[in-house]
Amino acid sequence: MAGIVVVFDFDKTVIEPDSDNWVVDELGATDLFNQLLPTMPWNSLMDRMMVELHAQGKTIDDIEQVLRRVPIHPRIVPAIKAAHALGCDLRILSDANLFFIETILDHLGIKDCFSEINTNPSYVDVEGRLRISPYVDFKSSPHTCINPCPPNMCKGMILERMRCCVAKEGRKRMIYLGDGIGDFCPSLKLDEGDFMMPRKDFPAWNLIRENEGRVRAEIHEWVDGAELESVLLKLIEKIRIQESSLQSLMVDCKFGSIPVAAHESRPQVLRVHQ
Ligand SMILES: [Mg+2]
Ligand SMILES: [Zn+2]
């Protein structure tokens, strides 16, 4: 189903913890992190923490080792592999950073399942420090979103741009999975016929409930990796059935072979929200 684009948030969606917190906690820098958090944006703080950890003797290899043992629900990797095998176009949209995400996806053997990783850029500098930059340079050109998005990234704007690009290839249906406050904005950018999968009892799910009626996509919650897998695969199957009904109707119309009775019964089959 090349017509389905599945967009995954990363922290607390693909992996169980927040990758930033995981690295900071596992490398023993939690106190410093908490002390600095009120003084700067999260993304800038993570860059600062990487410099601090390097000064304390922590290497890139130490960071990689910590990332490789990040907790993940056992059904997440099979879910991603299955969606990819069904022909879906899978993408990451995350406020973590490229180094963390690529290291983890590589380790899990699922990096090639994703066509895009949209996240904060990162690189290892000449001194061997991991440096993390904001996705949006909020000092020189801040984004103008009024939703609760962090200064360095509006996921809604990225999703809109994604939709524009893929629309050139023909009709696409989107499924978005996420848990955090930053995942609320993209949920408002989804269209009718798309699906939003917020993690139950997490901030995005709460915001969506408080703003009922503003999300045009059909909403399907999930609690853990097992439910994520079953809901995601059901939605992919649902879209597949809807799209094949639509195609057969278009063929019927083209050849003028659609009987009178079918004119009356088909719209039920085609309804997006069943
Ligand atoms: Mg998240
Ligand atoms: Zn936004």
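Keep in mind that glycine also has a Cβ here, set from the backbone N, Cα and C atoms.
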Check TrEMBL: it lists Asp9, Asp11 as binding Mg(2+). Then name which of Asp179, Asp191, Asp194 it lists for that same site.
Asp179
Could you tell me which three-state DSSP class Asp20 (substrate binding site) falls into?
helix
Determine, from DSSP, whether Asp11 (Mg(2+) binding site) sits in helix, strand or coil.
strand
Among Asp9, Asp11, Asp20, Asp95, Asp179, the binding-site residues whose C-beta sits under 6 Å from ligand 1:
Asp9, Asp11, Asp179
If the Mg(2+) site is taken as the center of the Cβ atoms of Asp9, Asp11, Asp179, which further residues of that chain fall within 8 Å of it by their Cβ?
Phe10, Lys12, Thr13, Val14, Asp18, Ser94, Gly178, Gly180, Asp183, Arg199, Phe202
Might you list, by sequence position, any residue in that chain lying six or more from Asp11 (Mg(2+) binding site) with a Cβ less than 8 Å away from its Cβ?
Pro17, Asp18, Ser19, Asp20, Ser94, Asp95, Ala96, Asp179, Gly180
Per DSSP, Asp179 (Mg(2+) binding site) is which: helix, strand or coil?
coil
